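K.L.:
The following block contains the structure, expressed as structure tokens.
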Amino acid sequence: MTDQTYCDRLVQDTPFLTGQGRLSEQQVDRIILQLNRYYPQILTNKEAEKFRNPKASLRVRLCDLLSHLQQRGERHCQEFYRALYIHAQPLHSHLPSRYSPQNSDCRELDWGIESRELSDRGPMSFLAGLGLAAGLALLLYCCPPDPKVLPGTRRVLAFSPVIIDRHVSRYLLAFLADDLGGL
């Protein structure tokens with residue numbers, strides 16, 4: 001297995017990074033400032049001004065920056081990846097060089113990040129479901145046992161443990177045990 005250098009990875013990732021909408025202007029500016037201001041200083045002030053020139057298009061500036069870093073050597077490319085990780089972590093995790101068959105070590109390091117991600121529904125979906133369940137429980141608790149008010153509710157809830165997890169079904173069956181005898 002051959003180890004890819006950071007310069008090789010940058011050559012492989014350049015078309016992906018320069019693609020439309022991948023990096024915003026603010027992210028590119030932050031990366032350039034990171035390479036210019038923090039130790040080790042990769043870009044001089046003059047180079048940073050050149051790559052931050054608002055008169056040139058973002059794609060041209062980014063292509064110039066990446067080719068400049070490739071010419072400067074391995075350390076410069078490594079610092080670019082470090083700055084990219086800091087300022088555009090979601091993009092960094094989807095780079096083509098991280099998923100190439102030559103670079104299987106990155107796959108081993110990447111599995112932990114994906115396992116901690118939330119589902120695409122997010123926390124509001126969880127809170128909405130929890131609120132719905134709490135509201136239904138409160139309605140059943142406060143509702144009088146008059147059969148005219150909710151005639152089929154107890155029958156529907158009697159079959160819901162089939163769908164609900166077994167831990168919850170124990171409590172639901174215990175709650176309904178008194179009312180099932182009268183059905």
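Using N, Cα and C of the backbone, Cβ positions are placed for all residues, glycine too.
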K.L.:
Scan Cys63, Cys77 and flag the one Swiss-Prot records as disulfide-linked to Cys7.
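P.N.:
Looking through Cys63, Cys77, the record in Swiss-Prot gives Cys77 as the partner of Cys7.
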K.L.:
Within the domain 'CARD' (8-99), what mean pLDDT does the predicted structure show?
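P.N.:
For the domain 'CARD' (8-99), the model's average pLDDT rounds to 91.
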K.L.:
Provide the number of Cβ atoms within 10 Å of the Cβ of Cys77 (disulfide bond), excluding the reference atom itself.
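P.N.:
I get 22 for this one.
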K.L.:
Can you count helix, strand and coil residues in the domain 'CARD' (8-99) using DSSP?
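P.N.:
Each residue of the domain 'CARD' (8-99) counted once, the result is 66 helix, 0 strand, 26 coil.
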